Amino acid sequence: MGTLPPRSIAAAHEGEDGNVSHPSNQKELDAGARFVLKSKGSWVHSGYHLTTSIVAPPLLSLPFAFASLGWTAGLFCLVIGGLVTFYSYNLISLVLEHHAQMGHRHLRFRDMAHDILGPRWGRYYVGPIQFMVCYGAVVGSTLLGGQCMKTIYLLSSPNGNMKLYEFVIIFGGLMLILAQIPSFHSLRHLNLISLLLCLAYSTCATAGSIYIGRSSKGPNKDYSLSGDSTEARVFGIFNSIAIIATTFGNGIIPEIQATLAPPVKGKMFKGLCVCYTVVTVTFFSVAISGYWAFGNQAEGLILSNFLDNGNPLVPKWFVLMTNIFTILQLSAVAVVYLQPTNEVLEQTFADPNSGEFSARNVIPRLISRSLSVVIATTIAAMLPFFGDINAVIGSFGFMPLDFVLPVVFFNLTFKPSKRSPIFWLNITIAVVFSTLGVIAAVAAVRQIALDAKTYRLFANI
């Protein structure tokens, strides 16, 4: 990623009056911008894309985060995470709109960093960490999809001998097909279904937690902070804060805004309102009901609490249905986070002067995207402990991309007075979440050290 071209010129520019004027030379667009980041969508479509990228199955780990924080701190962190990310995403959208009105529409995160921070920041920092975060999300989704498939299999065949890596490969086969969808904009219908699916499995997780919590099958409710020692509790707190922060993570706001047809002014805010309506409903219902039902015994994925030594605490069909909803949405999440990789591959191997569906472009697209999915699937199958690694990537990636850089971009672009509240609010957010990112990275590395003795390649966990 260090050799990425620094910037692209948008397919359409907006004048100060909001009128759209097309550039005189369309050849200035590279293939990644032309074919993957088509600017044809509406604000409703951006809402679908945003919801799929944020409201994903990792939200099912929120009760586990509450187990180390307790009710008050857990709810406080959840509210702050939602408010800060909604604010930050709106700031980065305003910066993108400002540059579009000035005649230079940025289509990619690294383009913004190139123009605002300097070429090296875009090429050697923002580009690589965005790639790691997004590709890590693809690997993580593939692994989680395989784990959900294995759960369904073991419920149907308790004595079955299929291994986790086999289910990961099956999920990877589904991803091979979805990866060939040509552009980000083409995912709008899939992401509408994804929005409905996240509502479905969140409702199931909430209903299942309430059912178990009110029955005699559930565990005794203990809301004391988890951890055997003071050190474990302290690291648990920071790890939980990182879980909540990265659950709100996105990392591809510029690429989503790039899918909007010009003029873009105001559209992203509407899309974020759609997204955060779903965020509010799903995040709070799952976190509160899951922690209420299971207390400090909440598992890393709340669906695991629905099974007691392999025996379902809710009707078997309910567990199967919830896992199916989760698997289907994971496929949409994975293909959304595959878009930055697809854009780079298209930019590298495609010819912008040939047709999108010409043999010259279709063959390299099919080969490169398939190879990308095969590599992600292999990593997921080989490293079933990838969640620990992803925690490190998330702390180094999601924190700066979603909490720090948006406020820095805003201050450098609009230059608010140092006496204004917004300047110091942005500085505070940048400092606090930079610090949290470093601490979260330390906690994630510590967890890897603790778990290292259990790591086995292609382990059946």
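Note that Cβ sites are derived from N, Cα and C of the backbone, with glycine treated the same way.
For 40-445, the entry in TrEMBL reads domain 'Amino acid transporter transmembrane'. Per TrEMBL, transmembrane segment is recorded for 73-96, 124-144, 164-181, 193-212, 232-253, 273-294, 314-338, 366-386, 392-410, 422-445.
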Do at least three C-beta pairs under 8 angstroms join the transmembrane segment (232-253) to the transmembrane segment (422-445), pairs 6 or more apart in sequence? yes
Return yes if the transmembrane segment (124-144) and the transmembrane segment (392-410) have at least 3 CB pairs under 8 Å (sequence gap of 6 or more), otherwise no. yes
Is the count of Cβ pairs under 8 Å between the transmembrane segment (193-212) and the transmembrane segment (314-338), pairs 6 or more apart in sequence, 3 or more? yes
Six or more residues out from either end of the transmembrane segment (314-338), which same-chain residues have a Cβ under 8 Å from its Cβ atoms? 49, 52-53, 56-57, 60, 134-135, 137-138, 141-142, 144-145, 148-149, 151-152, 155-156, 171, 174-175, 178-179, 181, 184, 187, 190-191, 193-194, 197-198, 200-201, 204-205, 208, 211-212, 252, 303, 306-307, 369, 372-373
With a cut-off of 8 Å between Cβ atoms, can you find at least three pairs linking the transmembrane segment (366-386) to the transmembrane segment (73-96)? Only pairs 6 or more residues apart in sequence count. no
Counting only residues at least 6 beyond its ends, the same-chain positions whose CB falls under 8 A of a CB in the transmembrane segment (273-294) are 43-44, 47-48, 50-51, 54-55, 59-60, 62-63, 65-67, 71, 74-75, 78, 82, 86, 195, 198-199, 202-203, 205-206, 209-210, 212-213, 218-219, 221, 223, 247-248, 302, 305
